[in-house]
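What TrEMBL says about this protein:
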- 52, 53, 57, 316, 348, 413: Na(+) binding site (BINDING)
- 155-164: disulfide bond (DISULFID)
- 44-62: transmembrane segment (TRANSMEM)
- 74-95: transmembrane segment (TRANSMEM)
- 116-143: transmembrane segment (TRANSMEM)
- 231-250: transmembrane segment (TRANSMEM)
- 262-285: transmembrane segment (TRANSMEM)
- 305-330: transmembrane segment (TRANSMEM)
- 342-367: transmembrane segment (TRANSMEM)
- 404-429: transmembrane segment (TRANSMEM)
- 441-460: transmembrane segment (TRANSMEM)
């Protein structure tokens, strides 16, 4: 059927079905190795949530909250979420969904800013290399927990040092004393001023069995970056297991990735609820919670608090890493990405807040057991996940069970993020080289995994912890802020161009004579 308008413009019904024809072409291209799509929309939401909710929600946010004013920190955190995090997430979801490209090729819409895509790719690459090393530690701890008695409950002969002590100083600390290296409680009136200062210095060097186990057995850490030592066989093997898991989950792209997130996105919440219930029954739980939430309003006047809130939003929601663009590039063109950005960002921040009740509940119990203030026990990062928390778990009945649950939660949290990181990397590569799609996809994925595994071996050495900390500091903090600033500049540049073009059109139209049709 065809027709003619009064302005002599011919048309037919094929033009009216252009969108349907384009969608049919997309399906045919997908059959021939083209871009895939999410099987169901819930898979995209769960993937985005699993990507955003990671290890930082467990070992970084609660510590930042207490250090920066407790409950008062939630004010700058919420403001940074609304002002920075959510708009950037919405922008990246829109960009990826519209362009249906990876973080580099999508910038063909404005080649001037294509360097942003390369920066995103490199950030994801560096993070992906060291992220699986942290997961290998979790895998090794899970393996070590399958025993009747956890190995870090006492100072083992193979890894103990002269500073390893395994006594309980609670009663001594509560009475104002200090327990010496022999386990004797010494009070200030029993010694001279010099002897008391010497005793304080000596006891500050003492390390718990959990601390010694992580640093001297798991890491066997050296004195510095100048001494890398040899490879840690257990970590090398655990790192290989981590990369095999990632490879098998992503071997068919988003088809298998979308199914895996049903587990990786929901299992951590189940474990957090179980741990919260257990922590609430322990003595000292409320001391930890009060310490976590008690507001210190004077901290709001410090610029560093607002800076920490901004960095945590970037670190937690993970904009500017390229993952959000990648995930949304597999969406349908008309998907409601505004809704998705709101759900994922709010869900992620609520998860961080909720995790604090679990972490500081256990820390409160630990402080109660040791007879120390909560601030003496509260730490962040690897020290929380692999020292403080295992030490607290070791004091619980059925400690191996709680240890397995905790490290299984860490593993699934990390895998959820790592899946998206590697998907970002392989999507960027296959978008630049379309021949690697389809049947060649699994070989491209295998090559990426092997390269990143080999790089990760540098962090599986005895001095690898220093390399990991260096890569973490330079790849995932201020670099993401700089990329975010560049994205905002691009956003403003596009708006300026649109306004300029509209102004030109209006001026040009105003200079034309009127024509009656």
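Placed from the backbone N, Cα and C atoms, the Cβ positions cover glycine too.
Here the structure is a predicted model, which means the values were calculated and not measured.
Residue pair residue 53 (Na(+) binding site) / residue 155 (disulfide bond) shows a Cα separation of 35 Å. If you take the Cα of residue 413 (Na(+) binding site) and the Cα of residue 155 (disulfide bond), they are about 30 angstrom apart, rounded to a whole number.
Between the recorded positions 53, 155, the minimum number of other C-beta atoms within 10 Å of a residue's C-beta occurs at 155. Of the two recorded stretches, the transmembrane segment (404-429) lies close to the transmembrane segment (305-330), with three or more CB pairs under 8 Å once pairs fewer than 6 apart in sequence are set aside. Of all the recorded positions listed (164, 413), 413 sits in the most crowded Cβ setting, with the most other Cβ atoms within 10 Å. With respect to their backbone Cα atoms, residue 348 (Na(+) binding site) and residue 155 (disulfide bond) stand 38 Å from each other.
A sphere of 10 angstroms centred on the C-beta of residue 57 (Na(+) binding site) encloses 26 other C-beta atoms. Of the recorded residues, residue 52 (Na(+) binding site) and residue 155 (disulfide bond) place their C-alpha atoms 37 Å from one another. Residue 155 (disulfide bond) and residue 316 (Na(+) binding site) are 36 Å apart (CA-CA, integer value).
A contact between the transmembrane segment (262-285) and the transmembrane segment (44-62) is present, since 3 or more of their C-beta pairs, 6 or more residues apart, lie under 8 Å.
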